[in-house]
Amino acid sequence: MWINSSASPFLLTGFPGMERVHHWISIPLLMVYLSILLGNGTLLFLIRDDHNLHEPMYYFLAMLAATDLGVTVTTMPTVLRVLWLNHREISHGACFSQAYFIHTLSIIESGVLLAMAYDRFIAIRNPLRYSSILTNTRVIKIGLGVLTRAGLSIMPIIIHLHWFPYCRSHVLSHAFCLHQDVIKLACADITFNRLYPVVVVFAMVLLDFLIIFFSYVLILKTVMGIASGEERAKALNTCVSHVCCILVFYVTVVGLTFIHRFGKHAPRVVHITMSYIYFLFPPFMNPVIYSIKTKQIQSGIIRLFSVIHSRP
């Protein structure tokens, strides 16, 4: 019997078989959530407030922090609602909107990492022209380009979701809405929605990675041509934080892809846990990486805590 798609909301799923310990599971997730809000919020505050950080490199870092906040704020409220209150229902409109933002922000993160690679490429290959090439206007254009590319690329598959009838169980596999979860419940031809995301991933995320990789080959070639060992180390050190963020993002992407493609016989909890790692690990680690490896950020954090501590 077909169920009217407009009559029945979707049902989110926490950790199947572990419902009795959902409250305990929510504790580490809440701590990570609050850490992400604090870490990325602090980065955004420092970059806005500290004039020493008003440079293209830190503007791109602000875009990364804002993207990480967006991913977390988009997913975690529904997760905690499921784990705390067992409130599983979500309307179709809210579900499709959440899926749109989750997938769009993932593409944005890849684009921002590419923009940051371009920033490091210009800084090392053309240091004398750095400020004239990466003007504030150009940084804004790059940011808008990354945002527009992601927003428009994801829109077609989300629009299609509104047209499908949903006649199956209406139970989703996670505590948040993903496009690949929703289309499994559709009773229609979903060929476009299966193939189009693959094209997007290859045309954007994979292409971004290849361009980033190629840019670092050129950066290394330039650095190796620097006579002074000290100058070489200094140039490479400006790239360490970005390289770490790239590894964190793409390793989790590859890990999630492998689990979905080759881990079909793995316990369901493994798939669910990997999806949380994918959404929470990069936003959690990126502020940590930049706080540890970037002296300007360290100085800003020290000044911020000094001001807070000195207040009566």
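Cβ from N, Cα, C; glycine included.
Features reported for this protein in TrEMBL:
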| type | residues | note |
| --- | --- | --- |
| DOMAIN | 39-290 | domain 'G-protein coupled receptors family 1 profile' |
| TRANSMEM | 24-46 | transmembrane segment |
| TRANSMEM | 58-80 | transmembrane segment |
| TRANSMEM | 100-118 | transmembrane segment |
| TRANSMEM | 139-163 | transmembrane segment |
| TRANSMEM | 195-219 | transmembrane segment |
| TRANSMEM | 240-263 | transmembrane segment |
| TRANSMEM | 269-289 | transmembrane segment |
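It is 100-118 that, among the stretches 24-46, 100-118, 139-163, 269-289, forms the most Cβ pairs under 8 Å with the transmembrane segment (195-219). Against the transmembrane segment (240-263), stretch 100-118 shows more Cβ pairs under 8 Å than any other of 24-46, 58-80, 100-118, 139-163. Note on the domain 'G-protein coupled receptors family 1 profile' (39-290): mean pLDDT across this stretch is 91.
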